[in-house]
Each structure stands twice: as structure tokens, then as C-alpha cells.
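Here is the structure we will look at, set down as C-alpha cells.
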Amino acid sequence: MEVSQDGSERDKTPPPSSSSSSSSPIPVVTNFWKEFDLEKEKSLLDEQGLRIAENQENSQKNRRKLAESTRDFKKASPENKLSMFNSLLKGYQEEVDNITKRAKFGENAFLNIYQKLYEAPDPFPALASIAEQDRKLSEVESENRKMKVELEEFRTEATHLKNQQATIRRLEERNRQLEQQMEEKIKEVVEIKQRNLAEENQKTMELLKDREQALQDQLRQAKDSVSTMQKLHELAQNQLFELRAQSDEETAGKQSEVSLLMDEVERAQTRLLTLEREKGHLRSQLQTANEDTDNKKSDNIDSNSMLENSLTAKEKIISELNMEIHNVETALANERESHVAEIKKLNSLLNKKDTIIEEMKKELQERPSAKLVDDLRKKVKILQAVGYNSIEAEDWDAATTGEEMSKMESLLLDKNRKMEHEVTQLKVQLSEKASLLEKAEAKGEELTAKVNEQQRLIQKLEDDILKGYGSKERKGALFDEWEFSEAGVAEQSEPMDQKHVPSEQDQSSMLKVICSQRDRFRARLRETEEEIRRLKEKIGFLTDELEKTKADNVKLYGKIRYVQDYNHDKVVSRGSKKYVEDLESGFSSDVESKYKKIYEDDINPFAAFSKKEREQRIKDLGIRDRITLSSGRFLLGNKYARTFAFFYTIGLHVLVFTCLYRMSAYSYLSHGAEETLMTEATTNLPHGL
């Protein structure tokens, strides 16, 4: 997001002025990136990245070990926990130290690159100022051409109208005014662009400060997130065991509470039934009392009122008990729902933990075995021997022994001979290309010198012509003024025409000479530009060829290094030391040091490791798959095998088709004979009857 904002702000800011190219941005940008040495910083960043990846892998391994040790510590008995606590605490302390070292290394790497890039100037203003300067220059050149055209028109008018001195003065005044206006416009544009450049620099400084603050905040947040993740991991482990214990306790408590609530509900129901029975009994007594005597109404009013009061009181008690039962049932339902929700949560947590445990088990199962690790170690040692020459002779003997070693020796010797032949051919080609490049560079320098000389002569000739033309104009103007002041307008027309006829003829002849010379110079300039273009294309082609040959030489140097290391370990003991010395003498010290540096910079251990991994996958295949793969490679890689397989398949198809044809013919003949016999039998049968 920050990069896009920077780009949008760049697009919104106006381009710098033409004078800014002569000020600080362009030389500052060029000096900074020249001193920055980007290739060196890339190599340092690659090393730091590899180290960071290695530290991450080591930390993951240590964390797994600590997790296993903590798991063992929790499973251990209390007597063994005291003895295991010190080692576990020491492991955690070592892991904390390693994490702090990782953090310090990452912070130092970030601060180093940040300190170097903090003072980096933005190349956009310089490039924009150059583009704006080119645009302004093209505009000024177009205006200059227009002014030259106008000046030429004015001069032609002046040659035809020499008597109109007022017109000439007016045009000259207009020219001066236009020049002054142009200078003022240029000054205004320069001032505006300088102000815009200052504002843009201020904005870029503010943006850089904001970006620095944002990066610091991000770093702080990353540190806080790392610490919180560690704490959350520890809390999650503690909460898992606590939740299991709490779930067991809560299930037991909930069951006891449910049983108590059920007992209370049963007691309330029994009490409700007794009260309802009493209510019915009292109602029956009241009805019997009303039916027995009407005379005793006055006497029984008090008893009825008492009975009604007791009945209402009992009804209130019954309603209260019903409300209590309803409340107890709702509370019981809520408790059941909460208990079910908690059980679901606990089950989900347990399922998550079980899935995590299953993933950890799968990851442990996918880990390589001890045998595979030993094989990989051997391969890494062989890779070190091939790439870095950092293995001892004993390890090399253990890695490659017996018949495989003899086969490898023969193959390496054959490759060594081929590479020597290729190296000699490439040296010859390189010398030829270098000589051609030197010739082309010399020719290009000669042509550039010739072009510069011709440009200098053209400039000198134009200056001389302008000087001569200006002096003639000044002399003619003075003479015209003097003649005009001495004589009348009518009298001076004839001598003026007579005097200016030869001057106009001289000017026309001089213009013809200048035009012809200009055409010749233009033709020569076109020829030189075309030749320079061809030479540039040739130089580009030669540089590409030189880069290709350099890359081929680096590859050959790597192969020769491999052969030298192998011969140094094995072949020297068998009496081929002289051969190795002859091989080493093929390179001079300077060339060897140069290609050694390029080769060491371009070493990529991951390519060799991927090759070893591919070979390991091929070894892990079944016998049938390996036989199929090797036979396919053999058939596709050998010319004679391909031709043999082609003709073999054709012959096999021809044989199969001939066999099928003969079998079909035999079957047809046999069926035909049986049919003839059957027909003869049928014809002879009635005669026999």
C-alpha cells in the first residue's frame, strides 16, 4: 500500500524544471547508486536470507524437541520430574537465547539495509527533470527554428526592401523583444521548477519519515505478536488440561444438581396433589352443608366464610406452588441448555486438540527415518566435495567405492578430455571475438573522432559565415544611412540600386556555396550516423557473444574444478599427478582468478541438491518402474537404440500381420474342405438309400 501511495504522489507532483538537471538530484543519484554497489548488497542479502532460513529451521526443530520433553515431563512421575526439571529449564533457556539471537540478527540485517537505503535519493525527480529538460529543449529548438525562419524571411524582405529602414528597425526591435520575452519566460519556468523541486523534496522527506515510523511500528507490532503468540501457546496448553479437569468436575456437579431439582419437582407435585384433594373435599362438604338445611344459613355463614377463606388461601398456596414449579422447570431447562452448550464447546475444543495431535502424529510419521538421514548426510558430503571441496578423503572413500568408483573415474576422464578440447576451442573463439571487438571499438573511436572533427569544422565555418554576413550588413546599413542623409530620396535610388546589385549577387553566390556545402555535410553526417548505428549493432552483437562465451567458460571452469578435485582426491594416488598439473596449466593465473571469482559467485547448491533429490526419487521407485525408466532413457538417448526399436516394431507388426493372414487363409481352406465333404455326403446319401 505504501508503494502505491508513493507512486500516486509522484504522479500528482509536477515535473521538475530544466535547471534541476544541473543541480543536485542527478549527480547525487548517480553517486549514491555508484557507491551503493547493488550486486554486493544482493550477495549479502542472499547470505543473510539463507542464515535466517537456517535459524528458522533450527528453532522449529528445537521447539519440537522442547514440546516432546515437556510432554515427557508431564507424563513422568513426581520423583522423575525433579530430575527432569533442570534439563527442561535449561532447554527453555537455550531456546530463549536462540530466539533472542535470531531477533538480534534479523534486526541488525534490517537496520543495516535500512541505514543504507535511508539516505537513498529518489531517482524519479532526476529522471523527470531530464525528461522535462528534453521536452523544453525540443520546444526551444522548435521555437528557435521558427525564429530562424522568421529571421530569414525578415532578411529576405530586408534585401528586397533596403530603403525601408523603419521596417528593418521595427523588425529588429521585435526580435529583441521576443528574445527578452523568451529569456523572461525561461527564467520564470526555471524559478517555478526550482520551487516545485524544493516542494517535492520536502514531500519526499516527509514520506520517508512517515515510512520510517510505519516500519518501526510494524517491527514493534511483530515483536509484540511474537511474545503474545508464545504466551498464547503456553496458555492454550495449560487451559487444555484445566478444561479437561473442569469438564469432569462440572459434569459431576451438573448431574447432582439435576437429581436434586428432580427430587424437588416430585415433592412439589405430591404436595400439589394433596392440596387439590383437600380442595375437592372442602367443596363437597360445602355443597352438602348447603343442601342439608336452609334454616341453618345464619348459623353456618361464619363456617362457610371460614371455609371459603381457607379455600382461597389454599388456592393461593397452590398458585404459588405452580409458579415455583414453573420457575424450577425453566431454571432446569436453562441449566440443561447451558450444560449442553458447555459440553459442545468442550467437545469442539477436544476435537480441535485431537486434530492437532493427529496432525502432529502425521508430521512425525512423515519425518525421514534414521537410514534416510544417513543417506542424505552422505549425499550432502558428496555435494560438498563436488561444490566446495570441503570433504576429507576418508568420507569420499566411504561414499564412493568399488566398481562405481572405477566407472566414475572413466567417465570423468572422458569428460575431462572433452572439456579440454572445448576449452581450447572456446579460447580460440574468445581470442577471435576479442580481436574483432577491439577492431570494432577502434573503428568506432576513429569514426567518432572524425564526426567530432567534422562538427567542429562545420561550427567554425558557420561562425565565419555569420561573422562575414554580419559585417557586410553593418557596412551596407552605414553606407545607406550616409547616402540617405546627403542626397534626396529620388536622387539616391539609382546609385543605391547600382551599389547593391553586386552585393546581392555576392550574397546569392555565397548562399549557393553555403547550401551546397550544407547538403554535402548533411549527406556525410547521414553516412556517418548510419555507420555509427551499424557499429553499435555490431558492438552489441559482439558483447552478447562475449557474454555467452564468458558464461560457457564459467561452466567449463566449474567442470574443470570438479575434475581437479576428483583427480586430487583419487587420481593422484594412482600416478596421474602429471595429468592434473597439465590440466591446471591450461589456465593462466589472471584468467583463472577471474573465472574463479565468477564461478564462486554463481555457485548454486540448491540446483545440485534438487538433482540429488531427483535421483533419490528415482531410487525410491519400484524395480519395474526403474527398469521402464532406464530402458526409455536408453532408447531415447541412443541413436542406434532408437533405430533398432523402430525397425524391431515394424518387423514385429509385419510378422503379426503375416501370421494372422496365414491363419485366416488356413481356416478358410479348412472350412472350404469341410463344406465340400458335407455336400458330397448329402449328394451320396439318397443314392445309398
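The backbone N, Cα and C atoms fix where each Cβ goes, glycine too.
Per Swiss-Prot, coiled coil is recorded for 79-367, 410-467, 514-556, and the stated evidence type is sequence analysis. Sequence annotations record features per position, and here Swiss-Prot assigns compositional bias 'Basic and acidic residues' to 65-76. Here Swiss-Prot flags M1 as N-acetylmethionine, drawing on a large-scale study or a structure entry. Annotation source Swiss-Prot lists region 'Disordered' at 1-27, 49-76, 278-307. According to Swiss-Prot, the feature topological domain 'Cytoplasmic' maps to 1-643. Look at Swiss-Prot and you will find 662-689 tagged as topological domain 'Lumenal'. The annotation transmembrane segment is assigned in Swiss-Prot to 644-661.
When Cβ-Cβ distances below 8 Å are used as the criterion, the compositional bias 'Basic and acidic residues' (65-76) is approached by residues 84-85, 87-88, 91-92, 95, 237 of the same chain, each at least six residues removed from its ends. Here the topological domain 'Cytoplasmic' (1-643) returns a mean pLDDT of 71 for the predicted model. The DSSP breakdown of the compositional bias 'Basic and acidic residues' (65-76), given as helix, strand and coil counts, is 11 helix, 0 strand, 1 coil. For the coiled coil (514-556), the list of distant contacts is 419, 422-423, 426, 429-430, 433-434, 436-437, 440-441, 443-444, 447-448, 450-451, 454, 458, 461, 465, 595, 598-599, 602: same-chain residues at least six beyond its ends, Cβ to Cβ under 8 Å.
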